[in-house]
Every structure is written in structure tokens, then in C-alpha cells.
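Q: Got a structure for you, written out below as C-alpha cells; questions coming shortly.
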Amino acid sequence: MSHSQIGLIGLGTMGAMLALNIAEKGFDIAVFNRTTSVTKTFHENAGALASKITPCETIEALVHAIAKPRAIILMVPAGDPVDQQIAALRDYLDPDDLIIDAGNANFHDTDRRAAEAAKAGPRFLGIGVSGGEEGARNGPAIMGGGEQQDWDRVAPVLTAIAAKFDGTPCAGFMGKGGSGHFVKAVHNGIEYADMEMIAEIYGVMRDGMKMSAQACGDAFAKWDDGPLKSYLIEISGKVARTADPDSGKPMLDIILDRAGQKGTGRWTVIEAQHLAAPVPVIEAAVMARNLSARLEARKEGQDLFGAAPEALPEGTLSADDLEHALIAGKILCYAQGFEMLRSANAPFDWDLPLPEIALIWRDGCIIRSAMLDDMARALTDAPERNLMYAPYFAALLKTHHAALRKVVGVAARYGLAVPALSMALSYFDTMRTERGTANMIQGQRDFFGAHGFERTDRDGTDFHGPWAM
Ligand SMILES: NC(=O)C1=CN([C@@H]2O[C@H](COP(=O)(O)OP(=O)(O)OC[C@H]3O[C@@H](n4cnc5c(N)ncnc54)[C@H](OP(=O)(O)O)[C@@H]3O)[C@@H](O)[C@H]2O)C=CC1
Ligand SMILES: O=C(CO)[C@H](O)[C@H](O)COP(=O)(O)O
């Protein structure tokens, strides 16, 4: 009866695919879903893998189907559903059984659950899983956080199901408490930023260069053969080239321009503010999703001011300009994400393995990209250095920042909104300006609040100006 090596709760998009992946790798798995018919249908459709899967109609039956000490994966929405499942499991689990939250949790919740588990058990591990439905089925990237011994206990299963890059599993232990979910949140922040910059370049092609969806798709497909090679560029090409079977129109022409979001990008920028970690491209991407939801207001604005985008004169921008701008933007947004990871170490007493994170992200996850191998090398060479200053990426930025400036400049001139690309450029310019303008901020603060300032010509921190009120 109790023969399953692992259990899983939540047979939705991700959970169902993870369960099949686990069964396919040879592990016996017991599964439970809140809606029983889903469990039945899942098992009926599992084909040759059905014999490895024990469908359970109650939490109690699930627990009894798993060999001790038990390990149970939760794949349910973040927040209350996770706490509800933990509470339901507590009635049946032993203190040394292990609950693994594999959904997208806010890492503060994971910290709290880990602390509660440490007091009374059962044990708790928080793992970030990325790769969407296809990744869950064929190999996601996995970032674990909690107690090393708990990670070690389930690592054979997690590394078996993870994506492999040149044979190396894209799975690793990030550190204690919520560190795995923190790394996953930053991953999602980079995901938001990369998606937004791609969408902005699509907007320049569609509204500025009057290119069809098919032509935009062709451009993305071509770039997927070069330095931009990545999952997001690949699927953007596929999305742009797909036609709606009902109307025959390009899918992009019938999809409403209102972006959904489940909260991970927002968690990232809120945490970035707490950490004083500058992630302006990610912030712009979250802001753009929020603005996209304001359909009525945008219509009112267009009626009042006239439509913003204007067609560009022929030859204003080339395909190379767009590709090079995206290369620069991509380097800068990943650099910001890694800087944010590093800035979390001191306050949370973590030692996030930045080079290993880049290695893990090389495959399986949504932000997988040809650049990540070089990022891993750069972070191994100098773990404390901002990626934009690493020789390989500095050389790319020296070559391509002019295109980023050109695209942002042209977009501003012709009314094409490119907030994330603009933020990438501002970050780049700020990070290469030795003497900035915060001296004026300090002068203002001292003028109105006697907050004091430092001087360029003397040591000390509390100088004041001879301001006339
Ligand atoms: N979709 C994706 O690309 C990715 C999602 N994730 C994360 O994985 C988790 C699951 O996402 P996904 O599979 O997409 O979600 P789905 O909406 O497809 O599935 C949700 C699952 O959770 C169950 N569920 C929902 N609410 C409760 C509850 N209160 N108690 C018990 N079970 C509940 C549902 O059961 P029922 O059938 O009864 O409704 C269903 O099995 C989320 O945390 C998500 O953020 C992570 C990476 C990628
Ligand atoms: O974690 C994921 C990918 O890595 C999920 O697909 C997540 O839902 C994406 O975020 P959002 O729904 O906010 O776009």
C-alpha cells in the first residue's frame, strides 16, 4: 500500500506535468487533487505511466500511499491554498515527513512556513520551478531553499526530472528559508523585463515600421539564430507567425493588449525597493503591465490627444538596430537581476550561488538564453562584479549601446512607448557616469531639512550649506 516514493497535490497545468515527469523517470508517485474528477481523468490519460501513479481521493489516502519518511510536493496557487494544504496534511504527517512547496510563493511566506516547520514539523522545503507546462513535463529548472538535509533527501528526484544542460541538471540548492523562492521571483522579474523589451521592439516594428505580424515573427526567428537566441525570442517568433483558426487573422492582431500577471514581478520590485537594489527595467515591465490593464483610460487618452505612434520615415531604423538594442537591453536587465540577488545576501544572511544560478538558468526555465553560459563564466571569474562590466558583456555593450540609444531616441520622437528599453538606457548611462547629479538632491535636502551632505574636498559626513531662506 505505502509504496509511492513521493506524493503530489494539485494536478493543474504544472502539477499534472510534473507528476508525469516524475513517473517517467521511474519514481512511484501518489497524487491528489481537490477536484476528484481531475485526479481520475489524469490517471486515465496517463497511458503507460499509469502503473507508476497512485490516484488518491483524499489527503489521508495520499499520505498512506507514500513510504516513510514521506515527501509531498504542493503545486497549488500561492498564498492561502498552500497554507490550507499544509494544515490539512499536518493531521496525518509525522514530524520528519517533508512538504515541498513547488509553486511560486512569496519568499517571506516560505520563510514563515519554514520557521513554523522547524518548531513543530513536518519539515518544509520551498522550491522555485520554472519552465511552464512544457518544462514541467520534459525538464524544468529548479531552485531549492530550506534545510540542506531536506534538499539532499529529494535531490535524486528533483535532479532526475530537471532539464539537463550538457548533461548537468538545471537544479540546485540556493540556501536556507525562502532563498529558492526568492531566486525564482528574481527569475520572474527578469522574465517580465525580457518579455516587455521584446514586446516594445514588436511595437516599434508594428506601429513604427508598419510590419505585419508575420514579418515581425520572421525578424524574431532570424534573431533566434544569433546572440539573442533564447526561449522567449523563439516563442515570440512563433506567436507572431501563428494565425487564428477562426478568423484567419494573425493571433497577435486578435489578442487584447491587456497583460495578466499573477504577482511574481510585483513581489520582485517591492523586494528590490526594500533592498535598495536598482532593477529599473523590471520595474518598467511591471508598470507597463499595470498600464496595459487601463484600457478605458488609454482610449480616453487617445481620443483626447490623438494616437501617439507615428509611422517612421523609410529607413529610420534597420533590423540590425532593433536586434542590437535588444542585445544591450537584455544584458542590462539580466545584470540588474543578478545585482538584486547579490544585494539580498547580507540582509537575509544568504550566500546565493550566483554562478550556479546562471548555470541552472541555462536550460529548462523561461529565461533560458544563449547568453547565460557566458554570464555563468563571467560570474565565476568575478562573483562580485556587475555583469555589465565583465569583459565579454562590456564589449557587447560598447558595440550595441548606440543602437539602444538610437531606438529609444527614435521611439521618443515618433511616440512609440518603450519604457523598459528607456530604463535600460538610463541605467547604462547612470552606471557609466562618475559624477552624477545627486549633489543637487543633497543640496535640496540640506536646504529644506538640514539633512547635511558630504563634500568632494574634505572628509566628513555632516556639512551644511550657507543657504539663504
Ligand atoms: N503555469 C505556469 O507556467 C507556472 C506556474 N507556476 C506556479 O505553480 C503553481 C500552480 O500553477 P498552475 O499549475 O499553473 O495552476 P492551475 O490553475 O493550472 O492549477 C492549480 C491547481 O491547484 C489546485 N488548487 C487551487 N486552489 C486550491 C486550494 N485552495 N486548495 C487545494 N488545491 C487548490 C487546483 O485544483 P482544482 O482542480 O480543484 O481547481 C489545481 O490542481 C502556482 O503557484 C504557479 O504560480 C510555476 C511555474 C510556472
Ligand atoms: O512562473 C512562471 C513562469 O516562470 C509562471 O508562468 C507565472 O505565472 C508567470 O507569471 P505571470 O503569470 O505573472 O506572467
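FYI, residue positions are counted from 1 along the chain as it appears here.
Cβ from N, Cα, C; glycine included.
Below are the features I grabbed from TrEMBL:
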- G10, L11, G12, T13, M14, G15, N33, R34, T35, V76, P77, A78, N104: NADP(+) binding site (BINDING)
- N104, S130, G131, G132, H187, N188, Y192, K262, R289, R445, H451: substrate binding site (BINDING)
- 180-468: domain '6-phosphogluconate dehydrogenase C-terminal' (DOMAIN)
- K184: active site, proton acceptor (ACT_SITE)
- E191: active site, proton donor (ACT_SITE)
Q: Using only the Cα atoms of G10, L11, G12, T13, M14, G15, N33, R34, T35, V76, P77, A78, N104, which the record gives as binding NADP(+), return the largest interatomic distance in Å, rounded to a whole number.
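A: The two farthest binding residues have Cα atoms 21 Å apart.
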Q: Give the maximum pairwise CA distance in Å, whole number, for the residues N104, S130, G131, G132, H187, N188, Y192, K262, R289, R445, H451 listed as binding substrate.
A: 49
Q: In whole Å, note down how far the CA of H451 (substrate binding site) lies from the CA of G12 (NADP(+) binding site).
A: 54
Q: Looking at the binding-site residues T35, N104, which one has the fewest other Cβ atoms within 10 Å of its own Cβ?
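A: If we count Cβ atoms within 10 Å for the binding-site residues T35, N104, the smallest count is at T35.
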Q: Across all chains shown, how many C-beta atoms besides its own are within 10 angstroms of the C-beta of G131 (substrate binding site)?
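A: Here the count is 25.
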Q: Taking every protein chain shown into account, which of the binding-site residues G10, G12 has the largest tally of Cβ atoms within 10 Å of its Cβ?
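A: Per the Cβ count, the most surrounded site is G10.
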Q: Go through K184, H187, R289, H451, our recorded positions, and report the one whose Cβ sees the most other Cβ atoms within 10 Å.
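A: Result of the Cβ crowding comparison: K184.
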Q: Name, in the order they occur in the sequence, the residues of the same chain whose CB lies under 8 A from the CB of P77 (NADP(+) binding site) and which sit 6 or more residues away.
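A: P77 (NADP(+) binding site) has long-range Cβ partners G103, K262.
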Q: Relative to the Cα of N104 (NADP(+) binding site), which of the recorded positions G131, K184, H187, E191, Y192, R289 have a Cα no more than 10 Å away?
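A: Near N104 (NADP(+) binding site) by Cα: K184.
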Q: So if I measure Cβ to Cβ from N33 (NADP(+) binding site) and keep only same-chain residues at least 6 apart in sequence, which ones fall under 8 Å?
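A: For N33 (NADP(+) binding site), the qualifying residues are I9, G10, L11, G12, G15, T39, F42.
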Q: With the Cβ under 6 Å from ligand 2 as the test, give me the qualifying entries from the recorded positions T35, N104, K184, R289.
A: N104
Q: Is any of M14, G131, K184 (recorded positions) within Cβ reach of ligand 1, i.e. under 6 A, and which?
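A: Within range of ligand 1: M14.
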Q: Sort out the sequence-distant neighbours of M14 (NADP(+) binding site) for me: same chain, 6+ apart, CB within less than 8 Å of its CB, listed by position.
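A: Correct list: M75, A102, G103, V129, G132, E133, A136.
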Q: Using a 10 Å radius around each Cβ and counting other Cβ atoms from all shown chains, which of the recorded positions E191, Y192 yields the largest count?
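A: That would be Y192, with the most Cβ atoms nearby.
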Q: I need the CA-to-CA distance for K184 (active site, proton acceptor) versus the residue listed as 'active site, proton donor', whole Å please.
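A: That comes out at 10 Å between the alpha carbons.
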